[in-house]
Every structure is written in structure tokens, then in C-alpha cells.
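Peer 1: Below you will find the structure I want to go over with you.
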Protein chains: 2
Amino acid sequence: MSEAWLEELRWNADALIAVIVQDHCSAEVLMLAWMNREALSRTVELGEAVYWSRSRQRLWHKGEQSGHIQKVREIRTDCDRDTLLLRVEQIGGIACHTGRRSCFSTRHEQARWNTVEPVLRDPQDIYSS
Amino acid sequence: MSEAWLEELRWNADALIAVIVQDHCSAEVLMLAWMNREALSRTVELGEAVYWSRSRQRLWHKGEQSGHIQKVREIRTDCDRDTLLLRVEQIGGIACHTGRRSCFSTRHEQARWNTVEPVLRDPQDIYSS
């Protein structure tokens, strides 16, 4: 947890860093999440994405309930070292809790937000099984 | 500025929203930036990315100094409506102030951060011309 490479990142006032998650194959942006030092450390150890859930205030091993785990292929940081880019293999092909492939399914069109991507699997089905 | 679609987004405590910027053609993730309502409103009006610079505390028309403007092809939001995804045409092919194509040029490799992408143009050349 006190590893040098962790301290070379710029953690925000809440000791978190923003994480852009991208499909390593299609390059589609799947979601934006947050990590604390422990989440990033566990992600590296496990080879699977572990985030800090700001709403639940706990570590969140992505896919722990849905099975939609993210296998980590690459971790990058940016020139300011205050953001991460995670390239992942999205197991099950669904990153979003709405049952869509990506969380970015809503497009700005003529001063409105229109959801343009299909639900691939019913969330009730995802989270009850 | 009081347009309904702007208020359908979830602005953070600083009245900002995170913006993932992606090359619309290559799908490469170029940078993470921030917008306030005015920046987003101007981005839509202008068709070019305008951010809120947290370091300079002012609106920042990306490329105003470097010429590396971002023409907006699509704006999306996510399922929580607290993040934007901007798909852009990156004029000059350089998004990063270091003269690299993307800000995400540094890779995690065996507990170290290694910068793996080339400088395409000397920053001194970019910002003095």
C-alpha cells in the first residue's frame, strides 16, 4: 500500500483518482469510476477491476454480483497523473447496471438527451441470478 | 444557461462535470477535462470543446493557444448523468500539452510508470508560435 508507484499519482482531496474504463478490443469507453489506493493495489494484484464505490463507501469488485468482471489488460495514467485509463476485457459484454454494454448510452441531440443504445440483458435478470 | 438539458446533468459540489474526450475516428481516449454549465453551453454553441480550467479558474477554449482545437462530433452522458463523453476531431492530431497525441501516454509496468508514446511536436514550438 505504500508502494512508490502509488504515491507518484495525484490523489484528490478525498484520496481518490478518476478511472476511465475502456474496452481493450473495441476501444469503446465503458464507464467512469473511482479508486482509492487500496482499490488500485487490489486491481493490480487481482488483474480484475476493483473500484471505490462513492455511493456505498466501500471497495467494489466490479462484477461481484453481476458476474460482469473486468479483466485488466493495461493501466495508464495521464500527463498530470491525476486520472487513470483502464483497458479491460469486459466479461459478459455488459458494463452498465442498466444492462447496456456501456454506461455512455445517452446522446445529446437538439437540446435533449436521448438514450440510443439497447438493453442487452434485463437488470432484474442480471442481479437476481 | 438555464436550459433544461443542462439541469438534467448531475453537477458536482463545485458545479463541474467530468468530461472524457475521445478521438471520434481512432476511438483513442485523449484526455479527461472538466466543464461547468457555461463551458458546456459554449461547447454546444461553438461546436468546439470549451472546458473549465481548474488550475487557472477560467473558461478554456481548448486550442486557443496551440491551435489544437477539438471539433465536437458527439456529446454523450452516462447512466448516472454525472460524466460526459465528448467525441472529437482533434485538429493537429495532438491533444496533450506535452506534444503527445493523447494525455494517457504513461503505462503501468512492473510497479513502475513508463511513458511509452512519442512527442510528436516540441511543446516550445507549439506554444511559442
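Just so it is clear, glycine is given a Cβ too, placed from its N, Cα and C backbone atoms.
TrEMBL lists these features:
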- B:Asp78, B:Asp80, B:Asp82: Mg(2+) binding site (BINDING)
- B:Cys79, B:Cys96, B:Cys103: Zn(2+) binding site (BINDING)
- B:31-104: domain 'Phosphoribosyl-AMP cyclohydrolase' (DOMAIN)
Peer 1: Quick check on the domain 'Phosphoribosyl-AMP cyclohydrolase' (B:31-104): DSSP residue counts for helix, strand, coil, in that order please.
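Peer 2: The composition, in the requested order, is 13 helix, 30 strand, 31 coil.
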Peer 1: Measuring Cα to Cα, how many angstrom lie between B:Cys103 (Zn(2+) binding site) and B:Asp82 (Mg(2+) binding site)?
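Peer 2: With distance taken Cα to Cα, B:Asp82 (Mg(2+) binding site) is 22 Å from B:Cys103 (Zn(2+) binding site).
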Peer 1: Taking just the CA atoms, what is the gap between B:Asp78 (Mg(2+) binding site) and B:Cys96 (Zn(2+) binding site) in Å?
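Peer 2: Spelling it out, the Cα of B:Asp78 (Mg(2+) binding site) and the Cα of B:Cys96 (Zn(2+) binding site) are 25 Å apart.
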Peer 1: When a 10 Å sphere is centred on the Cβ of B:Cys103 (Zn(2+) binding site), how many other Cβ atoms does it contain?
Peer 2: 24
Peer 1: Measuring Cα to Cα, how far is B:Asp82 (Mg(2+) binding site) from B:Cys96 (Zn(2+) binding site) in Å?
Peer 2: 24
Peer 1: Rounded to an integer, what is the Cα-Cα distance in Å between B:Asp80 (Mg(2+) binding site) and B:Cys96 (Zn(2+) binding site)?
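Peer 2: It is 28 Å, counting Cα to Cα.
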